[in-house]
Amino acid sequence: MEYLVIAVVVLLLALGTALLVARRRRTALPPSEQPGAVEAPAAERPATAEVPPAVTVPPAVEAPPAIEVPPAIEVPEPTAGRLVRLRAKLARSQNALGRGLLAVLSRDHLDDDSWDEIEESLIGADVGVEATGQIVTKLRERTRIQGTRTATELRTMLADELIAALDPGMDRSLAATPKDGKPAVILVVGVNGAGKTTTCGKIARVLVADGHTVVLGAADTFRAAAADQLATWGSRVGASVVRGPEGGDPAAVAFDAVRRGTEDGVDTVLIDTAGRLQNKIGLMDELGKVKRVVEKHGPVGETLLILDATTGQNGLEQARVFTEVCDVTGVVLTKLDGTAKGGIVIAVQRKLGIPVKLVGLGEGPDDLAPFEPEAFVNALLGDA
Ligand SMILES: Nc1nc2c(ncn2[C@@H]2O[C@H](COP(=O)(O)OP(=O)(O)OP(=O)(O)O)[C@@H](O)[C@H]2O)c(=O)[nH]1
């Protein structure tokens with residue numbers, strides 16, 4: 001009997017505990033798990049402190065010491081035939097001048113209006129009024145005398161006249177060969193933004209491609225970046241660059257560059273100058289001083305004027321100032337790839353009486369070509 005009472009008590013206790021656990025579990029269920037429960041909007045929910053994720057700190061790795069990798073020396077493209085290779089870059093001029101003119105020339109009959117159109121195309125391409133007059137007069141005369149009619153023959157005649165207007169007999173070689181054990185000195189002048197520094201770098205590549213050794217002088221001390229730019233160009237072709245402090249004396253840098261070129265026994269010293277001077281007297285003083293100081297080592301063999309082809313007739317005015325200030329021996333016409341007015345080459349040569357020696361046809365390092373009148377005119381007129 002005693003045992004029976006104990007068993008009943010134990011059973012009742014077990015039942016009570018089971019019931020209590022079941023109730024507790026029901027109240028502990030999360031609201032969303034309860035059927036029909038609606039999630040309270042975030043604003044109404046009590047803010048809970050977010051536990052930041054555990055951060056694992058990687059073991060400290062020692063950085064390897066920086067190794068200075070010298071830039072690889074590049075082999076510039078050969079200069080021969082560059083103009084032909086770059087002819088596609090004259091696309092804008094080809095469309096404006098070549099296609100337009102050839103369309104007129106292929107008409108059955110060339111009347112006065114057609115000749116007027118030819119004249120307008122040439123003037124529109126910056127050939128210049130005087131040169132255009134002469135070219136058209138000669139063409140008209142030849143077609144009248146020879147009775148030529150086919151478009152191909154007319155194209156050949158036009159090309160002949162354009163080439164003649166470019167004076168193909170002019171000496172366009174660069175004076176870059178050393179004399180009496182001294183390097184040849186080339187001064188590069190022009191207004192800022194014309195592409196002077198870039199062209200200096202490209203000329204260095206032209207010279208290296210033609211087998212010369214070169215030292216570059218960063219005498220454009222006005223703009224610190226110009227010297228950095230030149231240093232990059234130089235390092236790519238293994239040419240040393242002599243530079244001075246920003247705002248320093250350009251003549252001193254030019255002098256040091258020639259001295260360095262002489263000591264190193266290089267063929268050519270190429271000197272980039274600043275063209276930022278606002279007035280002719282200042283410009284004359286600075287360039288005059290650079291030249292005088294450099295000439296303590298020996299004569300300057302070449303002074304190249306860098307002209308931006310896209311500035312058209314305005315550029316010609318600036319050019320004239322430089323020709324008055326220094327003895328310019330050659331012109332480099334840059335950015336011919338960016339203009340439909342390729343005829344500017346003719347105008348520049350006629351106005352200045354100085355040969356165009358090189359033309360810039362793009363921003364690529366080898367987009368600078370020795371100027372050849374025949375190849376240029378053929379590229380301008382296209383193959384039609
Ligand atoms: N499309 C094109 N751009 C060119 C050519 N030549 C130079 N440039 C660009 O013209 C810009 C000016 O060139 P820079 O060499 O800095 O001109 P800069 O005359 O030295 O100027 P400063 O140092 O300020 O006196 C650059 O963006 C060149 O890449 C060219 O033939 N074609």
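Heads up, the Cβ atoms here are built off N, Cα and C, so glycines get one too.
If you look up TrEMBL, you'll see 31-50 marked as region 'Disordered'.
What TrEMBL records for 37-50 is compositional bias 'Low complexity'.
Per TrEMBL, the feature GTP binding site maps to 190-197, 272-276, 334-337. Proximity of K196 (GTP binding site) to non-local residues of its own chain (separation of 6 or more, Cβ distance below 8 Å) is seen for V188, V189, G190, D220, D272, T273, G275, I306, given in sequence order.
Secondary structure by DSSP for the domain 'SRP54-type proteins GTP-binding' (355-368): 0 helix, 6 strand, 8 coil. As annotated by TrEMBL, domain 'SRP54-type proteins GTP-binding' applies to 355-368.
Within the same chain, residues at least six positions away from G193 (GTP binding site) with a Cβ under 8 Å of its Cβ are D308. Counting every protein chain shown, 14 other Cβ atoms lie within 10 Å of the Cβ of R276 (GTP binding site).
Less than 6 Å separates the Cβ from ligand 1 in the case of G193, K196, drawn from the binding-site residues G193, K196, T273 in sequence order.
A C-beta separation below 8 Å, combined with a sequence spacing of at least six in one chain, links L336 (GTP binding site) to K89, L90, S93, A309, G342, I344, V345, V359, G360, L361. Compared over the binding-site residues G190, T273, the count of CB atoms lying within 10 A of a residue's CB peaks at T273.
Secondary structure from DSSP puts K196 (GTP binding site) in a helix.
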